[in-house]
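Here is the structure we will look at, set down as structure tokens.
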């Protein structure tokens with residue numbers, strides 16, 4: 001017997017005690033309805049202490065950290081990267097390709113792994129991420145970095161699918177807690193990432209490349225653990241009377257093309273707007289409209305064409321509580337994106353004097369991410385004990401939306417207020433996200449569709465978040481175009497600067513070099529910088545007020561979110577197996593050919 005098989009022997013499986021008070025008949029009926037494979041009490045002693053389970057949990061945690069960090073660590077330093085291996089006008093595509101590949105990939109990974117088995121999707125995802133980060137770490141040009149980030153984004157579609165990979169392996173009552181364990185892995189990346197990436201720039205000889213060196217290590221470890229310990233049911237175990245070829249033939253490739261093309265065009269058009277191209281340009285309008293039509297065509301195809309294996313089973317959208325969970329996950333994230341868009345700029349312009357280049361700025365930038373993760377972890381630990389997840393969502397959305405909206409009152413002189421509002425507000429939004437992500441996999445009729453359900457929720461989240469981020473960016477750019485010309489020139493002219501020097505002063509505000517501004521004195525500089533900060537604060541205020549529209553909508557939708565107390569049972573959707581054997585709820589071993 002090999003080392004893995006020693007963890008849980010066949011004898012233990014065959015003689016595992018069954019102490020469930022529920023009758024065998026009722027369990028079978030429930031399993032037929034909900035797609036559960038086992039009951040907690042029917043699993044062998046030590047199953048959750050086995051190397052299979054522990055190794056899988058560590059693989060998933062490392063993969064999640066790597067999936068988040070593959071872009072999050074480099075994102076704050078794109079300007080530094082461009083100065084090193086650029087400059088290149090296509091720098092914006094580094095962020096764009098990550099967003100595009102992730103938005104499309106989440107659903108496809110969930111659905112395809114539901115239909116064909118998960119193991120090799122996640123092993124190959126780790127390998128792809130490893131290759132992408134190696135290319136990024138050694139990139140000598142922006143096009144090379146764009147190509148690397150494309151691979152990283154595709155791989156992240158598997159790594160950020162952590163919720164259904166882990167949740168299907170544990171009893172329903174432990175799903176929230178399992179997510180909390182996995183969120184812990186993101187603390188150094190999502191929470192402390194801005195400070196860590198800043199330290200790489202300031203304290204290492206390789207600078208920004210260490211953002212990718214670290215991800216190489218994490219991906220290598222994650223992939224190795226997945227390969228050694230992650231043995232979910234194979235295709236033949238999931239579909240005993242069906243061949244892979246038949247499954248392949250029955251898959252909805254037309255729907256897949258419509259979904260992929262429509263969502264890619266839609267998200268790309270929104271990401272272009274106000275950045276690469278003006279909002280009124282043909283590039284943006286044509287791409288957004290084409291993408292929207294593609295998405296509409298996708299849903300019409302899925303609804304009206306009889307499909308054996310659709311990309312998305314449309315019965316999911318008849319479940320109002322699942323839909324509410326998806327929308328709350330998305331709208332909660334959209335409120336957070338207002339913070340992600342504005343807070344680093346506030347730190348650089350309002351609350352530091354070095355343009356955000358110092359470690360102090362890096363630590364301030366950690367507040368939003370750290371508190372989001374803290375909220376996610378705390379919700380995972382306490383949501384089940386508190387119960388009534390609907391009212392939890394209502395409460396935290398009211399708190400989070402109100403406090404983050406109150407950020408509109410912050411000025412250059414109210415840093416402490418801003419920190420407090422950000423801290424509590426982001427914690428509340430993180431709580432909502434944790435609850436809704438778990439509910440997206442809990443509130444479905446068939447647990448064998450958990451990958452599809454959670455993957456679709458992730459794609460919806462990406463699409464809606466992109467819409468909201470585009471709105472925030474457009475509002476900020478438009479308001480800065482109004483507040484700076486309206487407030488800064490009058491202030492510096494009144495302080496004594498010649499009117500002819502105003503354009504030079506405004507240009508110097510962005511570069512920090514005032515040496516070429518004629519007639520400028522120290523006093524005038526102080527007046528001008530103060531007016532510039534105030535003008536930026538007024539623009540930020542408008543963005544925060546805009547976020548109230550999305551938080552208000554989320555609060556309304558939260559009244560349709562589910563209470564899942566009755567679903568917190570010992571039922572397990574999927575069990576791990578010993579390479580060619582599986583552990584199932586009826587205490588039998590099924591042998592199968594190796595993957």
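Cβ coordinates come from backbone N, Cα and C, glycine included.
Unlike curated records, TrEMBL annotations are generated automatically.
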Practice problem: Looking at the candidate ranges 15-40, 145-170, report the one that TrEMBL labels transmembrane segment. | Solution: 145-170
Quiz item: Does the transmembrane segment (182-201) reach the transmembrane segment (90-108) with at least 3 CB pairs under 8 A, where each pair is 6 or more residues apart?
Solution: no
Self-check item: Same-chain residues near the transmembrane segment (145-170), Cβ under 8 Å, at least 6 residues beyond its ends
Solution: 48, 53, 56-57, 60-61, 63-64, 66-68, 70-71, 81, 85, 90, 93-94, 97-102, 104-106, 108-110, 113, 118, 121-122, 124-126, 128-129, 131-133, 135-136, 139, 178-179, 182, 215, 219, 222, 232, 437-438, 440-442, 447, 450-451, 453-455, 458, 572-576
Practice problem: Kindly say whether the transmembrane segment (251-272) and the transmembrane segment (207-230) touch, using the definition of 3 or more Cβ pairs under 8 Å where each pair is 6 or more positions apart. | Solution: no
Quiz prompt | Intrachain neighbours beyond the transmembrane segment (52-75), with Cβ under 8 angstroms and 6 or more residues off its ends | solution = 4, 7-8, 81, 94-95, 98, 122, 125-126, 129, 132-133, 136, 149, 152-153, 155-156, 158-160, 162, 165-166, 169, 178, 181-182, 184-186, 188-190, 193, 196-197, 200, 208, 211-212, 214-215, 218-219, 221-223, 225-226, 228-231, 576-578
Self-check item: Surrounding residues of the transmembrane segment (284-307) on its own chain - C-beta under 8 Å, 6+ positions past either end
Solution: 252, 254-255, 258-259, 261-270, 272-273, 277-278, 314
